[in-house]
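Copied over from TrEMBL:
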- GLY107, VAL108, ILE109, GLY110, ASP111, THR131, SER132, LYS144, LYS153: NAD(+) binding site (BINDING)
- GLU186, HIS249, HIS267: Zn(2+) binding site (BINDING)
- 69-180: domain '3-dehydroquinate synthase N-terminal' (DOMAIN)
- 183-332: domain '3-dehydroquinate synthase C-terminal' (DOMAIN)
Amino acid sequence: MMETVHVGLAGREYDIHIGPGLLARSGELIRPLLKRPRVAIVSDENVAALHLDALKSGLQAAEIESVSLTLPAGESTKGWPQFTRTVEWLLEQKIERNDVVIAFGGGVIGDLVGFASAVLRRGVRFVQIPTSLLAQVDSSVGGKTGINAPQGKNLIGAFHQPSLVLADTAVLGTLTERDFLAGYGEVVKYGLLGDFEFFQWLEANASCAASGDMDARIYAVKRSVQMKAGIVERDETEQGDRALLNLGHTFCHALEAATGYSDRLLHGEGVAIGCALAFEVSARMGLCSQEDPSRLRAHLRDMKMKVDLSDIEGELPDADALIALMGQDKKVVDGKIRFIMARGIGQAFVTQDVDMTIVRTVLQQALDAR
Ligand code: GLY
């Protein structure tokens, strides 16, 4: 079974195929893009060990030759040294302007390889084959590519849309439970930001998706990607609506910085906690009912996810220091933090008009509960 979502950006449109067994079908699906039957694959050590042979066989089935580069796994790969290595390797492999590069991995590989493709010979096409839930529902779609700088995450990059995305949902079976649930933080975000019915569906079905039900996994990825595609079509370069995708992220980025971007807090875990905090602030500001943050927290607890600051191990800075870290977020405009608040589940909006005394109180109470 394969579902398809189309991203209708004029001149840069592409399909996202979702379903099990897409690695085996990669050759037939990628072949129409190719001017010659040769591709370059960039992956990481974990993904390559588990899945590179399957991808190469799928390509070979359509008589596509491939060369591959395997980078170290982990966030530290997403910087200048591995980026330079990737670009120079692609040049050594004589990847031409009309060739296609495949980004095969999670968000780190997708972002780095997308950026390498954006600048190689002033831009070559690339295909995203995301292998983590987070990459399938968020980072592989929409064309944000880049690497980290010593000054912060994702500060160097370009908008460069992929030519095709293959989200093989069978590959999700090799994720650890923690990684799957971290990706789920981005899935639940879509229901919260714009689709109450999807949130209700998740309340009823997300635990089946987490325990491996393939139909539930396919629907969760498809609905997430449909919502992301719609937002990207309206606002590709984040002048307005695309910022909705950052629901929970201002809090998340401060918490990630406070925990040193370490295993203490994975990005998707920070998104889930950040969404709960954003709904709590929204309720205290009288924008939504107090039932909404309670309902969200109950769902995250049902999913056995991190929900509160007390679920983060080790020390955290005080509320003022966390607010200072929020001020480092690249979403700050004219010195004011841009928040995503909600009038209810499924009704998020972008605002700079947030009462910071309420933000401070919510954070302080969450820290006091630790
Ligand atoms: N991950 C947020 C965005 O793509 O805009």
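Every residue gets a Cβ built from N, Cα and C, even glycine.
The binding-site residues GLY107, GLU186 differ in how many other CB atoms lie within 10 Å of their CB, and the one with the most is GLU186. A Cα-Cα distance of 12 Å separates LYS153 (NAD(+) binding site) from HIS267 (Zn(2+) binding site). DSSP gives GLY107 (NAD(+) binding site) a helix state. Helix, strand and coil counts from DSSP across the domain '3-dehydroquinate synthase C-terminal' (183-332) read 105 helix, 0 strand, 45 coil. In this structure, LYS153 (NAD(+) binding site) is part of a beta strand by DSSP.
With a 10 A radius on its CB, ASP111 (NAD(+) binding site) counts 26 other CB atoms from all the protein chains. Max Cα-Cα distance over the annotated NAD(+) binders (GLY107, VAL108, ILE109, GLY110, ASP111, THR131, SER132, LYS144, LYS153) is 21 Å. Secondary structure of the domain '3-dehydroquinate synthase N-terminal' (69-180) per DSSP, as helix, strand and coil residue counts: 47 helix, 34 strand, 31 coil.
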